[in-house]
Amino acid sequence: MLPTHHQSTTDPSTVEPNMSQQRQHPRISWAGLGLVFMTPALGGFLYGYDIGATAFVLAMLRENRDVDDATTPQAWWYDFGRDDGGMQEGLFIAAMSLGALLGSHLVLFHLASTIGRRMELRVASILYMIGTGLQMASGSPWVSASAAWLGWPLLFCGRALFGMGIGFVMHGAPNYMAEMAPSHIRGAIVSAKETLIVLGIFFGYAVGDFISHKSVYDNTYDDDDFDGLQLSFNNDWTKLYQVSFFLSIPMFGLTFVVPRSVRWLLTQQSRLEELDSSNDISQEARQSMQFLYRDDATAELHHLTQQVRANHCLTKQESTPAAAGMGCGSTLTMLFGDPTCSQPLFVALGIIFLMESSGQPAILSYTTILYEEAGWSGHASVMTASLMLFFSTITIFLVDVLGRKRLLQICASIMGVSLLILSVLAPYVWGFNTSTSEVVDDEDGERSAEPAAWQKLAVLLAMFVYVGSYQLGFGPITWVVVAEVFPSHVRGHATALAVEVKYVLQFIVQFAVPILQQRLGWRITFGSFACFMAFAAMVFIPTFVPETKGLTLEQIEAKTRESCYYEKNATKSTILDDDDDDTSMVTDESPSELSHLLGGE
């Protein structure tokens, strides 16, 4: 039995159509939008650059370590990771993820609703500069000569602080972009952040390749000439972090140029209206709109203010006493206890879980090894990076045309097929050790011959499709959905929780992949990932993921409230039907007025 509602006092014939169709797109200041995009985009670019650069830093540290002790310059890193089972190298790589966890945790429980998106980006740029500064200092001649014991702690702390900056960026960047961008291009703007991360990876690889080759070329020497070798041969790896430091400076400067998020300002204004202290915020919100819309700023601000106030009124009515304190416990109570928060949270965390369960973020670290063992050179890894950039760019143009839901479902299906192909071919390709030209046992205990040419080609193409589909779907669209589905009053806390869960899952998957590979083989490893993608394409995405293409954030929030409203009252209706079949449920209130205000049909 469907619930019945009070008749709205508004004449149905006079209800205006959906505002996303009625209202024309405002005139945008493209210069202002470019600056609004560039500030958080630089944060993502530096994140990607660090991934690529650190891969070369680790290779250069290993190269120095492998030099014979008798001819090694006296620097602390010459013994980096020697005879410790890879623990020091693991800490070096994992320090960034640890810092990102700490940064997202600080935002989640302490800063999400207080400092604003722009300030998060400013703090991130400061952490970037401090972190890279410590990493450069760890390899300085003074530390090597006078305080070698400080070298490793400085490097580890620098990596962790840089990771904290990433935690702030992964929370502030998508929210700032989503809250500032016009609705008809919001998906493209937020998706472009992922493209900038991939471009940063490209740039990190390019700089690392140039510096590492230049270092070897400029510092070739004979053993007899060792005394004349300059220490710069050994600390050339610090030059990669110098690039990161200098790129952090314009990001920091831009945070003083771009305005604060207008939606965040209006949310703060609604909270302060009772205290009569929102005049300054109202003026700043007007200036923020003028930064983006120029002549249309007044009309856009009036329209947006109505939407934010309507949502704030409903939020105030539905808020629970437990959420008032906004401590750790009350934050989680608010997120999981309120249906208007818990349903979007289920969607967001579900997509993040499937994104990490696809295995791509972890497998990407092993592509070079997989390609070499399959008989391909390292150039295949460069081609993979090229495809990542290409497909990330395509997503910018497709996300607001095909929509988030359809694109996710298509890409998950393609990833599932490519993973299935990799699983089937794994015993034939990776059962033969090309580095030693010896036949080895595969995961089924059977003897494997050298792979045929078509098998090697099929594996290469399947890997390309697998990585490319991820960059077309889960990579960028996950953060578009996370930035869109949450109500405004919890968007900061919810996004921080999503980032924190992402890094926890990423650590688990990265830790589990080598264990699965060694104990069960690549067939079971790829097959497990394929099962997760099949579930994503056939069950989770079509059932739970909403389509938000073309809707304003306020319209998305209104649809979430309406969905929760009907679900709650449908349950009540069922209970009443069980008690008395003749009883008709009459609800206390209806979202029709809110839908009318926000442009719902």
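Cβ coordinates are placed from backbone N, Cα and C, and glycine is handled just like the others.
Per TrEMBL, the feature region 'Disordered' maps to 1-22 (among others).
Taken from TrEMBL, the feature transmembrane segment applies to 28-49 (among others).
What TrEMBL records for 36-549 is domain 'Major facilitator superfamily (MFS) profile'.
The transmembrane segment annotation in TrEMBL covers 91-111 (among others).
Here TrEMBL flags 123-143 (among others) as transmembrane segment.
Annotation source TrEMBL lists transmembrane segment at 149-173 (among others).
Annotation comment: TrEMBL describes 185-207 (among others) as transmembrane segment.
What TrEMBL records for 240-258 (among others) is transmembrane segment.
The transmembrane segment feature in TrEMBL is assigned to 344-364 (among others). Same-chain residues lying 6 or more positions outside the transmembrane segment (344-364) and placing a CB less than 8 Å from one of its CB atoms are 335-336, 370, 408, 412, 415, 419, 466-467, 470, 474-475, 478, 481-482, 485-487, 494, 497-498, 501-502, 505-506, 508-510, 512-513, 525-526, 528-529, 532-533, 535-536, 540, 544-546, 560.
Same-chain neighbours of the transmembrane segment (376-398): 188, 191-192, 194-195, 198-199, 201-202, 205, 367-368, 407, 456, 460, 463-464, 467-469, 471-473, 475-477, counting only residues six or more beyond its ends whose CB sits under 8 Å from a CB of the stretch. Residues annotated as transmembrane segment in TrEMBL: 376-398 (among others).
Positions annotated as transmembrane segment by TrEMBL: 410-430 (among others).
Residues annotated as transmembrane segment in TrEMBL: 457-482 (among others). Long-range neighbours of the transmembrane segment (457-482) within the same chain, counting only residues 6 or more positions beyond its ends whose Cβ lies under 8 Å from a Cβ of the stretch, are 174, 178, 186-187, 190-195, 198, 347-348, 351-352, 354-355, 358, 360, 363-364, 367, 370-371, 374, 376, 380, 383-384, 387-388, 390-392, 394-396, 398-399, 404, 407-408, 410-412, 414-415, 417-419, 421-422, 425, 429, 451, 494-495, 498, 545, 548.
Under the heading transmembrane segment, TrEMBL lists 522-545 (among others). Same-chain neighbours of the transmembrane segment (522-545): 346-347, 350-351, 354, 357-359, 363, 370, 404-405, 408-409, 412-413, 415-416, 419-420, 422-424, 426-427, 430, 442-444, 481, 513, 516, counting only residues six or more beyond its ends whose CB sits under 8 Å from a CB of the stretch.
Under the heading region 'Disordered', TrEMBL lists 576-601 (among others).
The compositional bias 'Polar residues' annotation in TrEMBL covers 584-593.
Across 28-49, 123-143, 149-173, the stretch most heavily in contact with the transmembrane segment (185-207), judged by Cβ pairs under 8 Å, is 28-49. Non-local neighbours of the transmembrane segment (149-173) in the same chain are 40-41, 43-44, 46-47, 50, 75-77, 80, 88, 91-92, 95-107, 112, 117-118, 120-121, 123-128, 130-139, 143, 193, 241, 244, 492, 495-496, 499-500, 502-503; each lies 6+ residues outside the stretch with a CB under 8 Å from one of its CB atoms. Between the transmembrane segment (123-143) and the transmembrane segment (410-430), fewer than three CB pairs separated by 6 or more residues in sequence fall under 8 Å, so the two stretches do not touch.
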